[in-house]
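Worksheet for the structure shown next.
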Amino acid sequence: MASCKKPRTKEVGCRRFVFVSVFTFMVVSVVVFCLRANPVSNNAMEPADDTNRTQSYFHLKRDLNLPKKNELSIQLEMHNRLPPKNRDLYPTLAKDHITIVLYVHNRPQYLRVVVKSLSQVKGIGETLLIVSHDGYFDEMNKIVEGIKFCQVKQIFSPYSPHIFPSSFPGASPNDCKNKDDAAKKHCEGNPDQYGNHRSPKVVSLKHHWWWMMNTVWDGLKETRGHTGHILFIEEDHFIFPNAYRNLQILTSLKSKKCPDCYAANLAPSDVKSRGEGGESLIAERMGNVGYSFNRTVWRKIHKKAKEFCYFDDYNWDIAMWTTVYPSFGAPVYSLRGPRTSAVHFGKCGLHQGQGEQTACVDNGVVNIEVNDEDKVANIKSEWNVHVHKHQQGYKAGFKGWGGWGDERDRRLCLEFARMYKLTETASF
């Protein structure tokens, strides 16, 4: 009997081996297919820092309703996982460094000016510069690739309308245009409060800013555990050499000198002002040139995602001034020095486009005077704080300029707020 069972045993073992091999191959094939269709960041493979366990891994939520990625958006998302460059030149960051985020669109003539100004900033080699792109533009990428004065990481919005030429969030063939009547035209879209339908290049401004904020604070391995301030600047902000040192002083003084201040600014809220001069710190409404805040403030902002995403204005800053900040229940002050450390120099607005017959033309030549006192820290800790109350500007009650009435844009905005959350911080 024993001699008869041995062949039978080998046959059964062989069959089991074949079954296990085929089953394993099928499982691996399915996993590979899923990864190719929906690539997962390296961050999703790693546990969050012990100090930050409440934050999710990268893109783990299964119920996200984001646009289907095309080949370019997949490549950009993969690029976003790469580590910062120049770590061989700057192997360590200062313990108390303030990360700088430069968000850009497609104005290379401006970006060159900003990058040159950043190269002259005292202390820039101590920190990390993150450049956030609204889509992909080769010339913009090449400018950033040439940076050698600090650690630098590039991230690209994989859902920018600029990389979806024939589908949402870009322009879909069946989209309503201008003041089309959707019922009569049988087109898709919801008009804004003024009867106008969405313009992809216009809505991209708000989409990019909100995607960037969520990604920087809660998505990137380099910053998702950062509790200090993060500085945000744009491609048409000239940064003075003393900006970083002044900001370090402001952020250290903020809790003592101005407990009601939510942020620290490099420039006055009035973009045409260079500051009052004198020897006094200034507390005023938060401006949109060289502004910085910490994770506590970000959490308050994030909880107001629905208000931000449903306000009918394509400008992120106006949405913040008129809906988010007023909801905090008290004036949202920002602390700054009496002299500016950043200047807005752009003449061409982002909504004016590139390469069009009506495009704004500006060669990016600037003549900004930088004096000796702009080259060294010029803020003193013993100064008192002067508060600017009842300033002019956008406030609660303003209805918005429109451009943000399409329900698809509003839903996408809310999805960005959910990308990196295992548990919701607000009811959307």
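The backbone N, Cα and C atoms fix where each Cβ goes, and this holds for glycine too.
Lifted from TrEMBL, the feature list:
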{"type": "BINDING", "residues": "D134", "note": "substrate binding site"}
{"type": "BINDING", "residues": "D236, H344", "note": "Mn(2+) binding site"}
{"type": "DISULFID", "residues": "C176-C187", "note": "disulfide bond"}
{"type": "DISULFID", "residues": "C258-C261", "note": "disulfide bond"}
{"type": "DISULFID", "residues": "C309-C413", "note": "disulfide bond"}
{"type": "TRANSMEM", "residues": "12-33", "note": "transmembrane segment"}
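D236 (Mn(2+) binding site) has D134 as its nearest neighbour among the recorded positions D134, C176, C258, C261, C413, going by CA to CA distance. The Cβ of the residue listed as 'substrate binding site' lies under 8 Å from the Cβ of Y103, V104, H105, N106, S157, S160, H162, S204, L205, H208, each on the same chain and at least six residues away in sequence. Neighbour counts of Cβ atoms within 10 Å were compared across the disulfide-bonded residues C187, C258, C261, C413; the minimum falls on C187. The Cβ of C176 (disulfide bond) lies under 8 Å from the Cβ of A182, K185, C187, E188, G189, P191, H197, each of these being in the same chain and 6 or more residues away along the sequence.
In terms of C-alpha distance, the listed recorded positions C309, H344, C413 place H344 closest to C258 (disulfide bond). C413 (disulfide bond) sits 27 Å from C261 (disulfide bond), counting Cα to Cα. Taking the C-alpha positions, the distance from H344 (Mn(2+) binding site) to C309 (disulfide bond) comes to 26 Å. When the Cα atoms are compared, C261 (disulfide bond) and C309 (disulfide bond) turn out to be 25 Å apart. Neighbour list (C309 (disulfide bond), Cβ cut-off 8 Å, at least 6 residues apart, same chain): W210, R410, C413, L414, A417.
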